[in-house]
Amino acid sequence: TYTGPAQSPSLKILALCIIQLERIRGCRSSVFLFLFWVLSVVCSLVPLRAKIQLAIDEGIASDIVRYLAFFSYFSIQLAQLFLCCFADQPPQGKPILEKNPCPIEDASFLSKILFWWFTGLVVKGYRTPLEAEDLWTLREEDTSHKIISDLQQDWTAECAELQKQQKALASGAARGSRLPDQAQLFRKLQKEQSSGFFLLRTLTRKFGPYFLNGTLCILFHDAFMFAIPQVLSLLLAFMRDGDAPLWKGYFYATLMFLLSCLQSLFNHQYMYTCFTVGMRVKTAVMGLVYRKSLVVNSSARRTCTVGEIVNLVSADTQKLMDFVVYFNAVWLAPIEIALCLFFLWQHLGPSALAGIATVILIFPLNGFIAKKRSKLQ
């Protein structure tokens with residue numbers, strides 16, 4: 001039976017430890033606390049229904065102390081969940097440097113995943129036309145100064161390490177002790193340097209962890225996307241079964257609604273994360289190209305025209321941003337197609353071959369349309 005406040009004291013101690021840890025870190029809105037109180041409230045719903053039904057049947061006076069303890073405990077859980085939907089106030093005396101700071105800095109976890117922090121600008125734009133003064137100041141991590149400075153440090157360290165390896169190999173060659181493995185390594189370093197491998201590795205180290213968050217979001221999105229048809233199949237089977245209990249129908253319908261909401265949520269988080277990473281990569285590469293163009297010597301200027309530099313800064317950096325945004329589709333699309341065909345074969349049998357043939361025929365058509373569109377552009 002449910003024992004109210006005395007149940008799972010270790011979980012409550014864990015919650016207190018998380019609260020203290022988040023305060024030490026300066027976190028004003030905790031993801032873990034929000035999920036903890038959501039699960040606590042959800043797990044308490046079944047005992048709540050049982051307590052209410054028992055109180056209706058036997059009366060609350062039979063065990064008024066236990067009832068009051070449980071209902072008070074459940075009310076505290078709801079209050080904690082409600083408070084976790086908002087972020088804590090910033091520390092007193094903290095200076096506000098920006099004139100119009102971005103509200104995402106003060107947004108709670110729930111506001112970030114649902115984009116409530118953006119609602120104010122949308123409402124203002126609906127009422128009156130937006131002007132430049134209405135736009136928020138960029139976050140520090142999104143400013144070109146911060147992005148280019150951090151990447152410049154990583155790029156300088158990468159170039160220093162490369163020069164150190166080349167000097168070590170060159171000194172070995174000067175002493176006549178170059179081995180075949182060393183010569184192969186030297187050629188590999190030259191090839192990687194000319195192909196831009198080191199720049200790609202520097203960008204990956206700098207922006208890779210944040211990009212992996214978006215990749216995780218798209219994986220959850222695809223999992224929910226394939227789970228919805230399976231739940232729909234269970235719902236249809238329930239409708240065909242006249243003896244099935246009614247609660248199963250409500251459960252499947254509610255589950256489909258929740259899965260659809262989660263699918264949309266993770267999809268928007270993925271797009272927001274990828275476009276943010278793409279914007280930062282584009283800004284970083286543009287800054288590096290611009291700084292390099294300022295210090296390039298006269299002999300190098302003859303081999304690289306102004307038009308080529310402008311093309312690097314404008315068109316090529318935009319392609320790099322598009323690559324970051326749609327990179328996951330390259331390896332996820334075949335997996336999604338294979339899973340779709342697998343589920344079709346399970347439900348339709350050999351008739352699914354018609355869908356497979358249609359997909360195969362669509363590939364050349366899409367390629368032809370893409371080539372025509374690129375020519376028109």
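Backbone N, Cα and C define each Cβ position, glycine as well.
Just so you know, TrEMBL annotations are computer predictions that nobody has curated.
So that you can see what the record holds, here are the features copied from TrEMBL:
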- 31-52: transmembrane segment (TRANSMEM)
- 64-87: transmembrane segment (TRANSMEM)
- 210-237: transmembrane segment (TRANSMEM)
- 214-377: domain 'ABC transmembrane type-1' (DOMAIN)
- 249-266: transmembrane segment (TRANSMEM)
- 323-345: transmembrane segment (TRANSMEM)
- 351-370: transmembrane segment (TRANSMEM)
Recorded stretch that, among 31-52, 210-237, 249-266, 323-345, 351-370, has the most CB pairs under 8 Å to the transmembrane segment (64-87) = 31-52
Sequence-distant residues near the transmembrane segment (249-266) by C-beta distance (under 8 Å, 6 or more away from its ends) are 113-114, 217-218, 220-221, 224-225, 227-228, 231-232, 234-235, 238-239
Who are the chain neighbours of the transmembrane segment (323-345) in space, where the CB to CB distance is under 8 Å and they lie at least 6 residues beyond its ends?
-> 211, 214-215, 218, 222, 226, 229, 270-271, 274-275, 277-278, 281, 352, 355-356, 359
